Structure formats: C-alpha cells, structure tokens
C-alpha cells in the first residue's frame, strides 16, 4: 500500500526496519544456487572529439545486438590479418551503437526487475571509461513528457515507472523508499539531504548534521542509544499515511488490510516486540521526536541510529542515511533530479559533463507477502565514475585529485574482481568504500548485472581493452541470491501513528505563534536534555581537573626522570670507554698470539733444519771414515802383496854374488828405522795437536750452547708470565661484564622513553577530552573506557620499546663477551702447546749435545790407543827376528841379487809411481769430500743466519733478546770445530800417504 505525505515526506530515519532480528518474522531463501554475474557490453558511436581527431574504429560489434563476442584490433593491421590478430572477449550480451535505451532495459535490467518484485536483492552496475555513456545508460533523460518517458530515459527512470505500474496491477499492500548516496573523494554524501548540501552544519531544527558512515551488520547491535535518540529527532515520515490523507485509490488499497490469526511463533515474536516497544516508549520523554525506524527495531541490545542491512547475513549498512517514501513514479523522479543537481560534475577535455563521483540510487520495497507479513527487497542502481588518463583529460589541481581518487577506487574494484575470480582467501573489500558498498553485489547474496560501456575509437583502445578485461573476469564471479527478509504490518502501522502524532503536535505549535515553536511536552523534553548535558559538562570539568593534577605529577616525575637519565648516560659513557679498552686489549692479545704462533712455526722449522744438519754431518763423517779406512786398507794390502811378490821374485831370480852389498843393506835398514821413527814422531805430534784442540774447543762450545739454552728458557718463562698476566686481565674484564649484567642489565630506568609515551598519551587524552567536551552528547563512561584502553595500549607499547631497546644494547656486549671466552680458551690452549713444544725441543737439543760430547770423547780415547800402538811399532820392528833373518839372508844372497839389481830398481820405480798415484787419488777424494761437505754446511748455516733477522722482526718485545748474534755464537763454534776436524783429517791423510811412500 503506498504511503505519502503532502510534502513528499522527508524521512531522516537512519534505520531500515528490515534488518533487526526481532522485527523480522523469517527469511525465506531459495536453495543456495550459485549464479554468475550477468555482463553486458555497450559500445557507443564515435563522438565529435574522436571524429575531429580522425581516430579509426577498432572495435567490432553488431549494430544493435545479437553476438556474445566482441573483438578489438590493437595492432593497426587490416583485412584478414586484423581479424587474426584481434583480441576477442566473450560476455553475455553485446549492444552496438544502434541499441536503444529501451532495449538495454529490457535485456539487462528487465530480468533483474522481475526478481526484485519477487523479493530478491538486485544490483545493476555501469562501468567504463569516462565519456563512454555510463550516466546516459543509467539515468538518461529523467523527465516526463505528457506523463511518458522519452526514448533517452535510462534504467533508473524506467525502473521507477515500471515499479508502480506493476504494484498497482498486483493490488498488494506495499511501501517504497528511495535513497541516493554519492562517493566523492572517498567521502560519502547524502544527495537527498538538502542541509548537507548547504554551507551550514545544522538543520532547520538546530540538529547537527552527521557524516555518513559505513558499518558491518555484525556491529549494528552495538550502537548506543544516544545515537538512536539523535536520529529520532531527524525523523519526518517513514511510514504510510492515515486514511484521511490518502488519495481515494490509496485509501481503497489501505482498507484491504485486515488482521488474521497468525501462527504461534509469529504471535510470540509480535508480543515480545510490542513489550519492548512499550518499555522504550515509556522511558523516552513525551516531547522528543521519535525515530520511526528505531522504535520499530528496538531490541534488548539497544536502539540503532543507522540504516540497517536488509538481511541477517554479513552485509553493510550506512549510518545517518535518509530514506524517502514515495507513492508514485513522479516522486521518485523528483528525488532523482534533486540528487543529480547536487552530484559532482565537471568539464574535462574528454567530456563536457564528466561525473566526478560514484552514485548509488537504492529502491527499497516493502511488499505484502501473506497476512501480516511484508517482504523486503532492494534494488541498487550504481553509476560508477569513469576511469581516465589525467594527461589526456587535462585534469589539474582539484580535477586531478578527483581523477586520482576515482582511479584508486576503480583499481580496488578491479583487485576485488580478480580475487573473486581467482577464489582468493582474502578479498580486499575494505580497501575502498566503493568495494564495501558493493560487497553484497560481488560474490554476495544479490543478483547482479554489469554493463560495461566502451568507445570504438582507436585513441581509447588501451582503456577499452582494460574495461573488457575486467568485464570478462567479472563474468566468472558467482553470487548466491536469497529472498529478502520479512517484517510485520502492525509494527509499521504503530510507527506511522506515533510519527504522525508528533508531526501534528509540532505543526500546531508552530502555527499558533510567530516563528518556530514547539509543544510543551517537547519543550520539557528539551529542557531535561539540556540539564543532562549540563551535568555531563560538569563531570567533564571535574575529569579535566583530575587530569590536570595528574599531569602536574607526571611533569614532576619527568624532571626526576631527566636527572636519572643524565646519570645513566654518564654510566653508559663510562661503560663504553671500558668496552673500547677491553676491545683494544683483545685485539692486541689476538695480534700477539698470531705473532707467537708464527714464531713458533719458524722456530720449529729451524730446529728441524739443525737436527737434519747434525744428522747429515754424523752420517757423512761415518761414511768418510769407513771409506778412508777401506781405501787405506785396500792400498796397503795391494802394496804389501806387490812388495812380497817382488821380494819373492828377487829371491827366486837373484844370484848370490860376491859384491860389497853389506853397507847398502845396513843403509837400508837404518833408513827404514829412521823413516819409522820420523813417522812415529809426526803421528804423535799430529794426534797430540788434534786432541789438544778438541779438548780446548769442546768445553767452550758446550758452555755456549748451555748458556743459550738457559737464555731461551728464561725468555720462555717471561713469555709465559706475560701470557698469564693477559689472561688475568681478560678474566678481570669478564668479571666486570658479569657485574654489569648483575647490577645494570634490565635495571635502567628508560625514563626518557616512558616520558615520550606519557607525553603522547597526555596529548591524546587532552585531545580526546576536548572532543568530549565539545561533543557532550557522548557518554562519559565510554570516553573513560577509551582513555583507559589508550593508556594501556601506550604502556604496552612503551614496555615493548624498553625491552627491545635493552636487548639491542645488550646484544653487542653479549656477542663480545662470548667471543672473549673463545679467545681466552684459544690463547690458553696455544700457550700450553707452545710451552710443551719448546720444552721438548730444548730437551732434544740437550740430548743431542750430550750424545755429541760422548761420541767425541770416545773418538779421543780411540785415537790415544792408536798412538800408543804406533809407539810400540818400532820396538816390534827391532825385535822382529824374521826381519833380521831376512836381512841376513839378503847378505847371504848378495851375489844372487847383484845380477837382478837393475830389474829390481826398475820394478821399484814403477811401484813408487803406483804409490804416487794412490796418494793423489786419496788426496783428491779427501779434497772433493771436504769441499762438498763444507759447501753444504756453509749453505745450511747461511740459510739459518738469514732466517734469524726475519724472525727477530716479527717476534714480541719480550722475545727480542733471541737474535742472530746469539744463534751465530751457538753455531760458529760448531762450524769451526767441524772445519778443524776436516783439516786434521786431511793432514793425517797427507802425512800417512807421505810415510807410506817413504816406507816403500
């Protein structure tokens, strides 16, 4: 049944009576059948700008309709190549430039309109680039000509006209409401609210105008009663009129309302609702204006002051949005024209009348279902602002800001479409107010149709492709349409009666006197509200005084904290100095350990070289003695055999002749004895000199070696002592670190950080307190709770910041502390290894020296024995009877030898030559061996002397006393002793060779 006020009836009610659970009898839905969004593409003809630019047509569409495929040539090719390379998009319907407005309505909006009459929520969206005909498609020519629409009328006028024609034919009771909102620069605006479009912030009755806000339906029950009472005062007419004010036809329809028995469940819900309404009405002041929607939907959870969603699913509703009741299409068209006048429109290079905002025209239908029940359905007609290229449209300043906001909201809409198509787990509805408003239409419980408008010109081919991409993706979005919920008729009738009584009372009070007046009850109610507000102001003042005193205490605490922070800063600086000192010591210790390690390696190599040199020297000495003995023995045996052979030959071949041979034999005998004595004397002198030199040089050499070993031992003891001191310093720093962790870690006051949070908290509290004083309609308890939450949140943030700061300060100290432990352990292990290695090396050197000393003593003893044996050789020669007998036989055989004397002399000369050769051979062998050995030893000694300066440069100061001179003093005696032994050996060899020649 239509409901009408004489002045069209402004309805400032912010509540929709269809959402509250207690006011809805039931919600009948069809099975959860998923339906895809219907997508249609409308391509206009080229406009004057595109024709003047001579931009060719690149979009291939039918002239009117018929095909479901649209292709666009973006390559610039022609003929078959253009058809092969063209991009193709498939949608549900395609309309060309020849398609009329009536055809668009019948094909796209008509099916949704029938579902809307049946009780479904429906949405029609127009999407596309600027200047492609979106507003023309949705609105067109909204005027009536002789009671008829023109051919250019858009979807909204046709829906309004067809709606009332259909309702009159069905002859059912109904109520129709309209609302018109605009989204401009991400701000919602009610286009039907004349006060919000003026310069004043208050309405004609002195009420403050409130901004539109979007809420989820799940938060509807949490709205406070103060907001409901404020919204009630803005109410004008939200229900059907009485019979006296209705037209005859409307009155006839109204009489058809009758009350029948309801099911028990419906009666119980109705009785509960009546009881709740009676309690709420008795508690409110009689003079205050009543909010129709709030009184209809009161529950135990409180009254609402916003337009609630139409169902109990997770939808959205808009707070402070006005809904206007209409009884015919003309009233709806008047509201549409009123809203369009206030819509943001500007001129750009691409469009002379470019819409700079998104608009949603909503039609809400309360249609009688059966008996006392009315079904609620909605139809949202959305005209989206067009996306545009700022450079091409020439938008500057405010126009550029508008274009950016439009493109941003459309970009978010594109992301929502992509997420729905990809079935993503997160749909970014909340990133834009546009997507929040369209949340039910995209993937929700609404039947939706999308009309994409495009331009055929090549100059806009890029935007056309983008529009078609989104349209083809939106075709894959699935919705689950549901029938609307129910509301009871008696609730509507009661609210109508209360609202009309209030309006008549105010009207009579106004007519009785000049100016604007109100009834006595209304005046008393206003006074009581003022007294309540005064009490709230007093409470706010007391709260401000309390906060001021608390602020003074906080200032004092802040001063104390500053002093504490200064002392802590001094301690921190001292601690930083200590840490730097410890770091320097650790670096120095690390370098020292590296130098010690390098020196240790070099010393080990030198020790190995010395051991190898001594071993090689001993080996060569033994080989030389063995070779010399073997060679001498071999030559002497050879010489002896030759002499015996010659003597035998002389004995066999000689003929005793009577010659004067006796003097010669005596001479030979004397000469032999003389040679033996000479050889004995020289041998004694040689061995005595050798023994004397060895006895004189050996003690010096061993004393020097022992002194150097003692020096090395003292140096190593000093080094070990210094290492121990460094380790004790490190241990002391470790104890200091432990003391810091025990006394200071997590015990810093961090008062400066707390003061910052306290200051910010105080500023926020002061700001919110000022807002609280200015907006005294809000409840003080809610304000205090919010302040408490804010303080707790800031304290939590401050605590977290203190903990994070303390951990950040401690982290480098902890890492250095752990590294110092590793360095201490490495230093300790390396020190022990170095000490053990040097001790073992010194022990080996000492054992080697002892062995060498024993060997030399044994050699001296052997040489003394050989000298004593040589002294006995002469006496043995004198007492040798065989020797004397031989000489006697020589005398007897003098005659025999006389004939062969020449041959014997010749043979003797040849043997003398052989002995000379033997001597030369022995001398060459000794020289070659001595030269090689001396060269090898000299080379080894030179290498050692070269390494000593390099080591002394890299050694620590406490080891610098071990230099090349000390090593030279150790090596030189050994070198001289070896050279003396070689010379003595050569002298002995030469003397022995000479004596052998003399003997021969």
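Here the Cβ of each residue, glycine as well, is placed from N, Cα and C on the backbone.
Region 'Disordered' is the annotation Swiss-Prot gives to one range among 939-969, 970-1000, and that range is 970-1000. Annotated ATP site 128, 129, 130, 131, 132, 133, 134, 135; additional same-chain residues within 8 Å of its Cβ mean position, judged by their own Cβ, are 351, 386, 453, 455.
Secondary structure at residue 128 (ATP binding site), taken from DSSP and collapsed to helix, strand or coil, is strand. For residue 128 (ATP binding site), the number of other Cβ atoms no farther than 10 Å from its own Cβ, over all displayed protein chains, is 29.
According to DSSP, residue 135 (ATP binding site) sits within a helical segment.
Sequence-distant contacts of residue 135 (ATP binding site), defined as residues of its own chain at least six apart whose C-beta falls under 8 angstroms from its C-beta, comprise 126, 154, 353, 355, 383.
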